[in-house]
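Listed in TrEMBL for this protein:
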- 1-52: domain 'Cadherin' (DOMAIN)
- 53-161: domain 'Cadherin' (DOMAIN)
- 162-269: domain 'Cadherin' (DOMAIN)
- 315-421: domain 'Cadherin' (DOMAIN)
- 428-540: domain 'Cadherin' (DOMAIN)
- 548-571: transmembrane segment (TRANSMEM)
Amino acid sequence: GALLVNERIDREELCGALSPCSLSFEIVVENPLELYSGTVEIQDINDNDPVFPSSQARLEISESVPAGARFPLESAQDPDVGINSLQTYQLSANPNFALDVQTRVDGSKYAELVLEKELDREEQRELNLVLTALDGGSPPRSAHVQIHIDVVDANDNAPVFNQSTYKASVRENTASGTLVARISAYDLDDGPNGDIVYSFSSHTPAKVRELFALDSATGELRVKGQLDYEETKLYEIYLQAKDKGAVPGVAHCKVLVEVVDVNDNVPEVTVTSVYSPVPEDAAPGTVVALLSVTDLDSHDNGLVSDVNDNAPKPSQDSYDVYVPENNMPGIPILNVSATDPDLGRNAHLSYTLLQGDATFGHLFSINRENGTLYLLTSLDHEDQVEFSMTVQVQDGGFPPLGTNVSVSVFVTDLNDNAPTVLYPQPNTTATFTDAVAPGTPAGHMVTKVVAVDADAGYNAWISYTLLQATDPSLFSVGLHNGEIFTARQLREDDAPEHTLVILLKDHGEPVLSTSATVSISVAEMVKEVLTDLTDVAPANDPKRHVTFYLILAVILVSAAFFITILSVGIFKCYKWRQSKELYSSSRSTTYRTPGPFQHIDAVRGGFTPSSFYHQVYLTTDSRQSDLLCKKPFTSSPLGSRQGTIRNGEPGLYHQIVGTASRLPTPAE
């Protein structure tokens, strides 16, 4: 009595969309004979995908359609029933459209596109969307259709000129057909809505239409009639661009045509008689007629020709330019300007740099046309502080006339050099130890740090600070002179050796610094220090006869001293006789110009750099003279410019004023 499935059952083939789907049958039972009726319900499974009528759909939507418009889409079909049938639609993400899924009376679903944001064909000509149909199975089955939307153009853009005003110049008497200007406009629309026609504006005078012609397709403006500068010098032409839409858009522009004068008129001479006839006894200088000359042409075409009788005149005879050192190469530093009242070529100026030496061509360059002076390389204040040159301004006449302009370039100092320590000498294997006796009172100067700074002025002021010490309470350092003093009296329990680290800073911006290390030994006598130094000497010293060498040295020094004194006396007598004539005259004599200087301090114990000197300025006929101590000599070129006391360092200069009761003789 088992009921078996004889073949595969397809619910959609048996019942289609009918639900529920059932099959009826009858069963005969014998012994006893009985008749039974039965029904088999075929249940649906999700074995069918939704299907669209086609794989692609195409829509044409005008860009003028307002937001909110709806566009129905073809529905998908799913032969399954119930929950396995088509349940919903989905639309791919996009900025313009949304999807609205509706339900029919029979329960089937359909979808509509809803325009949420207005389309702009000029921004996007077409859109490609994907519509997906989903059933309710688990997992759900789906189908896809490509929706291609063509955005139909609407005449929503007017033509636009690439510029509102065009300028052109044309010579008078130019032949007909000569191109004057080409105007251009564009329209973002397509088809007839984007086709542009050029024409004269309605308020363009008839005279202009007679002289100029405009190509409606290309926008070319050409000469049509005879132009005359003496009649009209400037034409203001108004043009328009219009598209071919149902409601055409219009744009306007203006063309300014300047007529250039041609020397097409001869001068006219008018003679007005004043005194006629002229008697034979008329006095010389009697006016007999008035002459006037006119020319309808303009500018040079209407003048009596120019003669190059004026040299260029610069705005100033000399220039002083200040350039910071370490400058960027190739920068302009000066513009030399000049004028010439002549005309035409006679007034055309050119600028030339007269090089003082061969190196100037690598340092400076001048623009021949506009007189701009360029600095070609980076300058160094410590190398050279001033450059002097001459710029020649010359006109284009024949023969040419020229004028020279003096230019002085001063290199201003930047703080690009740190202080350099001279004593104690840095980076050396030798050890410099200064000695101080035990019990030395406070305020005693032990030693001095000597340093220089290659910069100038405030950038070269050096300050000294005690950075580190074995006993910070024992020593102090002068802020401006680097002198090391005892801060208190030395005691017996103080360490025998002291190491001081001195920080040296300049006053520039930014501040640059260096350090110096000073070693100080506490000893009873100098003999004790010498003993210490003897201990480290080699044991096999060959110099044993010290006394002999000392006696020999004393004899040689005495002999040299006697000879020197004798030579000086003879030399003084010789100079005294030669200076009698000079002494009797009243002319002032100035000795040689002070050389460059360097910021430097003297070292205790006779330490003096080899390049250190003092220079004195005196006059032969003064009874009261000022003695001025200048700064020490150095290779810096700025020394000769900063020799005054107010520009120097504090504590480095002393002015001595002496009053003499009588005039010193030349020998004195």
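Just so it is clear, glycine is given a Cβ too, placed from its N, Cα and C backbone atoms.
Within the model, the domain 'Cadherin' (428-540) shows a mean pLDDT value of 82, rounded to a whole number. Secondary structure of the domain 'Cadherin' (315-421), assigned with DSSP and counted as helix (H, G, I), strand (E, B) and coil, comes to 8 helix, 50 strand, 49 coil. Across the domain 'Cadherin' (428-540), DSSP assigns 14 helix, 46 strand, 53 coil. Using DSSP to sort the residues of the domain 'Cadherin' (162-269) gives these counts of helix, strand and coil: 10 helix, 48 strand, 50 coil. Note: the domain 'Cadherin' (53-161) comprises 3 helix, 54 strand, 52 coil (DSSP; helix = H, G, I, strand = E, B).
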